[in-house]
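**Student:** Starting off with a structure, shown below.
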């Protein structure tokens, strides 16, 4: 929404710069709706339909394992390992800081693969965060990201640049959306939309089909799932399952309380949001809140079946529908982006809460206590998250630029989605729309092929992951692949130890480097700058410097 991102797009007039006050207010009026929207359905989802929620189930097994003698002993070792790599990563971030006096300085700009490769963003930037992420992400994710970077920055963009002056005007620069940047952003959007639309249709179809079978099965048993109705005891349930069910149903959260809470918060939100975003009219908000519980249920049910939350896809749906409804003359770009934030918040929170209910069911936790904890945690998040973002926003003036240490690639992507929804395709450079169609279709075909192969489909790259480096470059993909390589070698040497400690090592690398950015941000706000700029120059530039010094 900011002016910084607006200046990188084709619509530079419709923007709203971040402010700590309105961000906190926005989060407080939209973040609790998702919690109340699916509370009445928790018994249906967990007890009646017996949805698996794979991540929630895995978390529950992990928690339960800590309460065994062997698990407690292993947990202590994991915490020790995490602390060791946290310290190393933090100190590495502190060491790197000394060499970053200006832009494009330090280890993060080290041309490890050569200066020509560096110009096309192929380099290892010594980021402990991305190495840690690479150790956590599946191999196919990291390979997909690297393939996307090779396809885009290694092949496509150099070829398109040879048509400068024919496909787009000369001299527009790297960041102009009417030039090469337009191809980077909109082709990435096409891949993301193609992948997202395919998985949306797939999960919704799976959800409706599964829901139909569940209802038909209940009809045959002459019992329909009802939120406040006790489930009939089944002789097939084990003692543990009967105990879990009994405890899960003991602390009931009344349906009237959930419905009243949703209506009350929706009313407050409908009255408040137009004052934060005057482009987002009250009737847009009412329509969103009428549709949101249905979409929240679909997302929570689909997540229970597939472990895949489609919150971002529902957000894109809000961008296009509300943006097109508002139109360009009534601030459609900001209206679409604000609606996206509201919708994503509701459906994402709903699926996360249901995952947590599944974890609580398997760990014998009180549902009412979990719900209260979610309320408390959400309240804290409404203050802490914007505050941390605000430190970054003030400390790094180039936040959001493609050349920044923190490019925030989805900022420009989502803004241009909103522009597409409002203005259409008329502003795209030559042949960009054709390439978008090709990559959109390619994303759908790749996903179809992946599903057709069944288990062998795990070796097929993921279009969503391939799309990310199209805009920001493949440098982080190299870091992630280094993380994958470390994990691969570790597993070959000692798989049991790698399985036990790799997540702790990766978490330490991510947290240490991540926590260092907070003191780095405070130093930047205080005006304290690093003393040294370590920069590598081309041979021609070195000759000019030598000549200057010689004179």
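Note that Cβ sites are derived from N, Cα and C of the backbone, with glycine treated the same way.
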**Student:** Looking at the candidate ranges 211-231, 232-252, 253-273, report the one that TrEMBL labels transmembrane segment.
**Tutor:** 253-273
**Student:** Out of 325-347, 348-370, 371-393, let me know the one TrEMBL marks transmembrane segment.
**Tutor:** 371-393
**Student:** Between 128-160, 161-193, which stretch does TrEMBL give the note transmembrane segment?
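**Tutor:** Here TrEMBL associates transmembrane segment with the stretch 128-160.
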**Student:** Please identify the range among 43-61, 62-80, 81-99 that TrEMBL labels transmembrane segment.
**Tutor:** 81-99
**Student:** Considering only Cβ pairs within less than 8 angstroms, which of the stretches 128-160, 282-302, 371-393, 432-449 has the most against the transmembrane segment (469-490)?
**Tutor:** 128-160
